[in-house]
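*Asks:* Okay, these came from TrEMBL:
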- C32, D34, H84, C87: Zn(2+) binding site (BINDING)
Amino acid sequence: MIAQEFIEANEQYAANFTKPKINARGVIVVTCMDPRIHPYEQLGLKIGEAAIVRNAGGSAEDALNSILVAQYAFNTKHIAIVHHTDCGMTKFTTEWLRNKIKEANPGRDDVAKTVDGIDFHNFTDVEASVQRDLKYLVENPLVVKGSKVTGWVYDVENGKISQVGDVIV
Ligand SMILES: [Zn+2]
């Protein structure tokens, strides 16, 4: 169902395709996978201008591999962490999700052990979660020295972003 919709939508897209130029603005944006988040529109980015990493919550820790690729392979010096209000990651706990996965795999000690080692980086306060990620990046010795890290909260009620942090690594 979805796959067929993708194929049809892509046929339309490709019919009007113009190859975008890479015009990198030197920023990697880390944000949530929530379907209400549209980083291009909400941050004024055009295709070709920024690396964008999306995961559950917009966790910097989950995005570390990609951040390091952007920094060391593509010389990206600005990391922007964008979390948002009403995030799904505020609606359950890591412990609850671990238990759901264990229940789906009864008798599998290997699964239980693996999942106990995963932190899903849930949070209750969105601004505090951005600050936690800024602290994580500043204290991480792998992040390129001199990098700028900015923290943002996007409000899903009114479409506005607020800057809540700005640090140099
Ligand atoms: Zn979210």
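Cβ coordinates come from backbone N, Cα and C, glycine included.
What does the local environment look like for each feature on the list?
*Replies:* In the three-state DSSP reading, D34 (Zn(2+) binding site) counts as coil. Just so you know, the Cβ of D34 (Zn(2+) binding site) picks up 19 other Cβ atoms within 10 Å once every protein chain is counted.
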*Asks:* Which residues of the same chain, at least 6 positions away in sequence, have a Cβ lying under 8 Å from the Cβ of H84 (Zn(2+) binding site)?
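*Replies:* Once residues fewer than 6 apart are set aside, H84 (Zn(2+) binding site) is near T31, C32, D34, R36, I37, G58, V126, V153, Y154, D155, V156.
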*Asks:* Give the helix, strand or coil assignment DSSP yields for H84 (Zn(2+) binding site).
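*Replies:* Going by the DSSP assignment, H84 (Zn(2+) binding site) falls within a strand, counted as strand.
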*Asks:* Relative to the mean position of the Cβ atoms of C32, D34, H84, C87, the recorded Zn(2+) site, which additional same-chain residues have Cβ within 8 Å?
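*Replies:* Near the Zn(2+) site, the remaining chain residues are T31, M33, R36, I37, G57, G58, H83, T85, D86, G88, M89, Y154, V156.
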